[in-house]
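Presented below is the structure to which this report refers.
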Amino acid sequence: MTEEKKLWQKGGGWLLEVPERVYTPEDFDESVKEIARTTRTFVEREVLPLLERMEHGELELNVPLMRKAGELGLLAIDVPEEYGGLDLPKVISTVVAEELSGSGGFSVTYGAHTSIGTLPLVYFGTEEQKRKYLPKLASGEWIAAYCLTEPGSGSDALAAKTRATLSEDGKHYVLNGVKQWISNAGFAQLFTVFAKVDGEHFTAFLVERDTPGLSFGPEEKKMGIKASSTRQVILEDVKVPVENVLGEIGKGHKIAFNVLNVGRYKLGAGAVGGAKRALELSAQYANQRVQFGRPIGRFGLIQQKLGEMASRIYAAESAVYRTVGLIDEALLGKKGPEAVMAGIEEYAVEASIIKVLGSEVLDYVVDEGVQIHGGYGYSQEYPIERAYRDARINRIFEGTNEINRLLIPGMLLRRALKGQLPLMQAAQRLQKELLEPSFEEPEDLELHQVQNLKKLALMVAGLAVQKYGQGVEEEQEVLGTVADILIDAYAAESALLRARRLGGLAPVLARIYLAQALDRAQAGALSVLPRLVEGDEARVVYSAARRLTKREPVDLVALRRQAAEAVLEAGGYPIPR
């Protein structure tokens, strides 16, 4: 495995080489900062004053809020200029997703509209379709929804039962079926509906709300994101004009899966924003709540939580903007929806990584946030309670974390088999390296440890493929462990490379994350390797796993306390922009 230094890389290229630097929030120019401020002000002045009413059922308030968001240009960021959009870099839409995360269920309304609701049209619509619908979606005049999931097909989306049959006169497709968990269904005017033509060819259709035969179930009674609308969409002999077929007949899977890549990295960004808000609430409470004669933030176990929360948020934030930087670089000079979609698809692995990473960091942070609040964290009077409930859906949205864990090694292996990524050659070099280990001290120990995480993932994946061949896809526990190691490697490397530029507290946060990533990787690898090797080979492989995750003891107590002090002093996330 080489450690050649590069600035930009192909998707998955970070497994084989270390970039000299990565894109970080410190690279934001004034235009990015300005739209972040605009979004933050919109949330504080427009959304939050209405949020309690929306939480208690006044979901129609989403509609005027979306129109105001449209007036500010927040719905037009990813829409081409010729259709009333702004066509801005992906980093801007990502920052907006992060800033909107404090708006509770409204962020779901916004995200479903701008991402999976609008982008199918942007990337796959005909000229006529784009001119008819995109200006309305970019302004907020219309709200969009995306209808993929069904009562009997969630993760297995291609098993959909909704049918589309061409009418006798050839002018319409007649749709019949039920779609489940559809965000924005209560007020959307345009639905992207997936159905099988003649029960076989998976295809997308654009369906307007007032189409006869289209009806809706009642609002779902949800655990969280209560300010958003979620209903069944019921299609009974719904006639859709043939000109409203989106993309090609039988190619709906391209729309469904490619658009999800965008949703995944935006979800990761939103999760980072939500985690920052939860850390802010926790820090403020820890500073104010006095027990045993002092603020609870002065106690070690509370500081342990705050320091760990900050470290995980920092790693996730670093991974999110590294990925978006790669995407924007790949899209420079690209014209046309196909070229743009290909540029985004290049980083599908990284999008899945930050979806899993961000959602699980958020879950950790809100859980510890409730714990810091004690009994008050269980009361609806305190916003951490809603944050806890709202966070849980993120591990299910945009493909469950289990599906995304399988996608990460799966996509990498497919690219390797196509010759797009030289993983097989790297695995062969690694096998030789492990048999002839070097005992020289590395120049950069921490980056060397990150490279060892990548090597461990390659080793486990290689052994799994060697033993099971194509049957490896049935070894989900092994593939999930490989994914976990890769997620930690990407996050730790992103955190470290950013810390080299930032200095200050950043290296402390990166060090906390890396130490635990090595420990998690060793435990994970040793839990699945007995399924892959036995006898003398097992002893060699176990030894290699321990060697690749070896680290000297680190005073994590001191590092977390240092991070916690910074959190308490800042009253929240301690890395300013």
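Note: Cβ is positioned from N, Cα and C throughout, glycine not excepted.
Sequence annotations record features per position, and here TrEMBL assigns domain 'Acyl-CoA dehydrogenase/oxidase N-terminal' to 31-141. TrEMBL lists 145-238 with the feature domain 'Acyl-CoA oxidase/dehydrogenase middle'. According to TrEMBL, the feature domain 'Acyl-CoA dehydrogenase/oxidase C-terminal' maps to 250-408. Marked as domain 'Acyl-CoA dehydrogenase-like C-terminal' by TrEMBL: 452-547.
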- Mind checking how the domain 'Acyl-CoA dehydrogenase/oxidase N-terminal' (31-141) divides into helix, strand and coil residues in DSSP? 86 helix, 0 strand, 25 coil
- Query: Per-residue pLDDT averaged over the domain 'Acyl-CoA dehydrogenase-like C-terminal' (452-547) comes to what?
  - Reply: 97
- Message: I'd like the per-state residue tally for the domain 'Acyl-CoA dehydrogenase-like C-terminal' (452-547) from DSSP, helix first, then strand, then coil.
- Response: 89 helix, 0 strand, 7 coil
